[in-house]
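Taking it in order: structure first as structure tokens, then the write-up.
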Amino acid sequence: MTAIYLMSVLFGLACGQAMSFCFPTEYMMHVERKECAYCLTINTTICAGYCMTRDINGKLFLPKYALSQDVCTYRDFLYKTVEIPGCPHHVTPYFSYPVAVSCKCGKCNTDYSDCIHEAIKTNDCTKPQKSDVVGVSI
């Protein structure tokens, strides 16, 4: 019994190192505009996880494109649009956000992703919250 358990643990570790774990993950964000009365809580999905990558030792002799590493990024996504409540008539109350449908390990595409690693910004509301949002697909 112990040998079977040990082999299954080793197999799991080997597969875990060989496979990437990049998939849509639930994410809650808060959206507010200074002109509007409320903060909106939105539940969406983002791509999260890790991808297998290797750091090459001979960096001086390789072109820059060979030095890029794979990141967990969107394969398929769609945008949803919500209306922020309590906005005056002169302010556009609509906010669009991406929803991850599927993810992949690949190069970061700056057309639709923020590829710069920055310090985590707070994701808080400073105004009264509204939740249970129904998004409108565009």
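Numbers here mean position along the shown chain, with the first residue as 1.
Each residue, glycine too, has its Cβ placed from N, Cα and C.
Taken straight from Swiss-Prot:
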SIGNAL    1-20  signal peptide
DISULFID  C22-C72  disulfide bond
DISULFID  C36-C87  disulfide bond
DISULFID  C39-C125  disulfide bond
CARBOHYD  N43  N-linked glycosylation site
DISULFID  C47-C103  disulfide bond
DISULFID  C51-C105  disulfide bond
DISULFID  C108-C115  disulfide bond
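Closest by Cα distance to C72 (disulfide bond), from the disulfide-bonded residues C36, C39, C108, C125, is C108. In this structure, the C-alpha atom of C125 (disulfide bond) lies 12 angstrom from that of C36 (disulfide bond). In this structure the C-alpha atoms belonging to C36 (disulfide bond) and C22 (disulfide bond) are separated by 36 Å. When the alpha carbons of C108 (disulfide bond) and C39 (disulfide bond) are compared, the span between them is 30 angstrom. With the fewest other C-beta atoms within 10 Å around its C-beta, C36 stands out among the disulfide-bonded residues C36, C47. Here the disulfide-bonded residues are C51, C87, C103, C105, and the one ringed by the most other CB atoms within 10 angstroms is C103. The number of other Cβ atoms within 10 Å of the Cβ belonging to C125 (disulfide bond), over all protein chains shown, comes to 15. Secondary structure at the residue listed as 'N-linked glycosylation site', as computed by DSSP, is strand. Comparing Cα positions, C105 (disulfide bond) lies closest to C22 out of the recorded positions C22, C39, N43, C47, C87. Separating the Cα atoms of C51 (disulfide bond) and C87 (disulfide bond) is a whole-number distance of 41 Å.
Put simply, C22 is the one of the disulfide-bonded residues C22, C39, C87 whose Cα lies nearest to the Cα of C47 (disulfide bond).
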